[in-house]
Amino acid sequence: MHVSVREVCIPSEPDSAYFLRVAWKGRGLESGFQLLLTDGQDAWKGDVSEASVCAEAEELEMQKERYVQDLHQALTDTTSSFSFNLTPSPPKHTFTLTLAYEKVQKDISFRLGSAVLKADPDPAEALRELLTHSLQRGNHLKEENQNLKEENLKMRGEHQRISAELKRYAAGKESLEAELYSRFVLVVNEKKAKIRSLLEAVTHLQGDSSKEQKKQEAVKSADEEEDEYGGSTDEEEQQEVKRTPPSTSSTHELDDSLKDITDVAPCRKRRFRHLGPSDPAVKRGNPQSSQTEKTKRSDPPGRIQ
């Protein structure tokens, strides 16, 4: 069973102190609860059923969950947004009381509910129960406070340990960053030096290639000039072709001359044939000249110079 004790202030009796004890079973006050009110001398008890709780919620036109929440705050919390009234006031030991609880919002109050309390014939027992619960509650709170202190000490020690670890990690991180930066700078400088050497090598190779290209162009131009001045052009070949026919024509002329020479001799023979027998030398002719004419006729045209 769950039990809660709180002090209740009655506006009609500001000089009196009342204590309210609430006990309930289950998950909350929606299943009903028991009330015990005492001023230190007298005690009054009463029960509120689940049906009464539902009826009060319907009367106020509130959802049951919201009504139970407000009811729990009014009976267990020590907030100033709730107030209590007793009827009759001041109460008597033999009288039956009505405890009404109200909710105050911006100077406007509305009644959450009420409970009928009857006088307890043995108020000393009620006070003993109230004191026992208060002592148990105090011991429980004391143990809980002690546990919270121990937990707080553990958390403080853990916090200090974590702070020291964080400082150590921060120092290690800074040193590692410095080392990595120095290594990075070293690697970058090496890369830059290598790039510079490669650029110089490329520039040198480009210069060599340009010199080689110039040499090749010079050699090529020299070869072209040599071909231009030493070789034969198409015009020269055509002139040579044009020059060759005269040799053939000369050969033909020589052949023609030879033919003419060959043709002249019979004419001479015919011419000499009419001369008469008085000159035998003319009739016989010169044997050397006839032999020479035979030799000229037998030689081919190419051998004539």
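Numbers here mean position along the shown chain, with the first residue as 1.
Keep in mind that glycine also has a Cβ here, set from the backbone N, Cα and C atoms.
Feature list (source: TrEMBL):
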- 131-179: coiled coil (COILED)
- 209-222: compositional bias 'Basic and acidic residues' (COMPBIAS)
- 223-238: compositional bias 'Acidic residues' (COMPBIAS)
- 252-262: compositional bias 'Basic and acidic residues' (COMPBIAS)
- 293-305: compositional bias 'Basic and acidic residues' (COMPBIAS)
- 18-117: domain 'XRCC4 N-terminal' (DOMAIN)
- 122-198: domain 'XRCC4 coiled-coil' (DOMAIN)
- 223-300: domain 'XRCC4 C-terminal' (DOMAIN)
- 206-305: region 'Disordered' (REGION)
Is the compositional bias 'Basic and acidic residues' (209-222) packed against any residues at least 6 beyond its ends, judged by a Cβ distance under 8 Å, and which are they? none
Secondary structure content of the domain 'XRCC4 coiled-coil' (122-198), with strand meaning DSSP E or B: 76 helix, 0 strand, 1 coil
